[in-house]
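Worksheet: the structure to be examined is printed underneath.
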Amino acid sequence: MNPTSTVRPSHVRYLIVFVAMSAAVLLYLERVCVGVAEVYIREDLRIGKSEMEAAFGAFFIAYALGQVPSGWLSQRFGPRMMMTLYMLGWSLFGVFIALAQDFYTLFAARFLLGLSQAGAYPTAALLVKRWVPDRSRGLASGVVAFGGRFGGAGANWLTGILIVVFVPLSTPATVTPGDLLKPDLWSVETPPDKPYPEWQTIVRRAVADAPVAPTQAPDKVEEAVAKLNAVILDPNALPGLDWSELHLARDGRAILAKPAGERTPAESERLNRLAVDRAFPGVVKQLHGSGWRPSLMTYGVAGLVVGIFFWVCTRDWPRLHPWANAAEVEEIERGQSQNEQKAGTNAIPWRELVGSRNQWLFSATNLFGNAGWVFLITLMPRFLEERFGVPVDLRGLMTTLPLFFASFSLVAGGWVTDRLTQSYGPRWGRALTMGAAKVPCVVMMASIPWLPDPWLVTAALTVMAVFQDFGIPAVWAFAQDTGGKQVGAVIGWANMWGNLGAGLSLLLVKFVFERGGWDAVMYSGAGAFVLCTITGVMANAAEPLFKTSDPGKTNAGTPS
């Protein structure tokens, strides 16, 4: 009798999946948080939208270029050591972003963040392959990917809150000369071709009429600062203003909930400053802008803690883990070949990857899917602000919802792709969820230009995100089905192209936006999802990368 047959398997593999999911949470917290903070970063560093898009794109280009090498490093040196190093690296570079002083340091920090995060998912996929039995890999992959989307959703919501929290009421509400971002554009006049809403006209008129002594106004900048501060410091400066039209953040809403006679001077000054910020967008540096640096710093510190947790809890192989008993090791390794149970030391299979039509289809699926999806984690906050005037904390909430609901579809997608694969084989078990499920994404992106309300836009983007993420577990499983021992390199190759798609789409946004505005950006995203659907259905998970019987050896004969 097998001595392990009477012993119940331990459950360390569930812990491994959990810590991999935790790493994915931090991965997306660091990646996504700059989307909500973007307007404040631009104001603080005094950079334009195109420069910010370049910094966004730098992350994805670096992330793409690092995919295959980092996946190979994890196979060569083990997922435990490499994932820990990756996590410590991206946490450190996240802190560097919070310390950036100009465009160049921001660009460099974002590039290094992308490079250090590149190995996260290839390494997690390798860990899942080694620790999870074949029958449950799709579900386990979905759970890990759930962590990423949950972290992304949490990043938007949490960053919107933290930015406000890190600007306490004790922060001076008055404006300094350095807060006037564009002195050349300073004007309180209403342009005849673009009338302001009534609330904005009231605020601007109050600033224009503010009494300023001649000695307080030696030049245009000083005069502007003096007039703005006169309004900010006067609790009665804005009579007749309908505050509900300003869509203030949570600190402003809390003050408005109090009767005017019960507000402290600091509360009245905060309220007036928020009104000034809203009335002079892009001209006066927003008060909440001082909250983005400590918010991003918080995520960097959290990443260091989770990195240590990952190192303590994981091992490269089930048989090496002191908490895993022999029964669990046997259950995991029962369906694996001897080659799969050895550390991979063979070179990156460039010849096989480049020469495989199937892998090119797989990569194109990732490229077009990411090109359409990346709007959610980069430009959605800006879109909500520019088109609908949504305040920072509500922008955080609205951009949270798509990723939040999509995170549950990851788990559902993992379960569905496993069931379909058991019934119809890997060819259609992966293709139906990886490709065909993108049709609703096309419809939702194409509908956004016609939607008049930010909540309707949020709903449409939520449906898009749900169906995009429904197919992610099939993407991971496709790499595990076709990659043999080189699963890290295969998913790294596909992720490389996926993130090149994201990076290039961000670089093209300015070109598209200048010719058709936000509507053209949405239609371009819909077109990307059309191509994603086609290539996803054509990719075949039943076609292995290696045609030899030994998946540990490349066709070039490199020994494992």
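Cβ atoms here come from the backbone N, Cα and C positions, even for glycine.
What TrEMBL says about this protein:
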DOMAIN    16-544  domain 'Major facilitator superfamily (MFS) profile'
TRANSMEM  12-29  transmembrane segment
TRANSMEM  54-73  transmembrane segment
TRANSMEM  85-101  transmembrane segment
TRANSMEM  107-128  transmembrane segment
TRANSMEM  296-312  transmembrane segment
TRANSMEM  360-384  transmembrane segment
TRANSMEM  396-416  transmembrane segment
TRANSMEM  455-479  transmembrane segment
TRANSMEM  491-513  transmembrane segment
TRANSMEM  520-542  transmembrane segment
Notebook entry, point to check: Taking the transmembrane segment (12-29) as reference, which of 107-128, 296-312, 396-416, 491-513, 520-542 has the most Cβ pairs under 8 angstroms?
Noted result: 296-312
Margin query: Given a Cβ distance threshold of under 8 angstroms, which distant residues of the chain, six or more beyond its ends, lie next to the transmembrane segment (396-416)?
Written below: 32, 35-36, 138-143, 145-146, 149-150, 152-154, 156-161, 376-377, 380-381, 384, 390, 433, 437, 454-455, 458, 461-462, 464-474, 477
Margin query: Below 8 angstroms Cβ to Cβ, which residues of this chain, lying six or more residues outside the transmembrane segment (85-101), approach it?
Written below: 23, 26-27, 30, 34, 41, 45, 70, 108-110, 112-113, 116-120, 123, 292-297, 299-304, 306-307, 310
Check: Is the transmembrane segment (491-513) close to the transmembrane segment (107-128), in the sense of at least 3 CB pairs under 8 angstroms with a sequence gap of 6 or more?
Finding: yes
Notebook entry, point to check: So which residues does the transmembrane segment (360-384) touch in its own chain, when a touch means Cβ under 8 Å and the partner is 6 or more beyond its ends?
Noted result: 28, 31-32, 35-36, 38-39, 49, 56, 60, 152, 156, 390, 395-396, 398-399, 402-403, 434-435, 438, 441, 445, 454, 457, 461, 464-465, 468, 471, 475, 478-479, 482, 493-502, 504-506, 509, 518, 521, 525-526, 528-529, 531-532, 535-536, 538-540
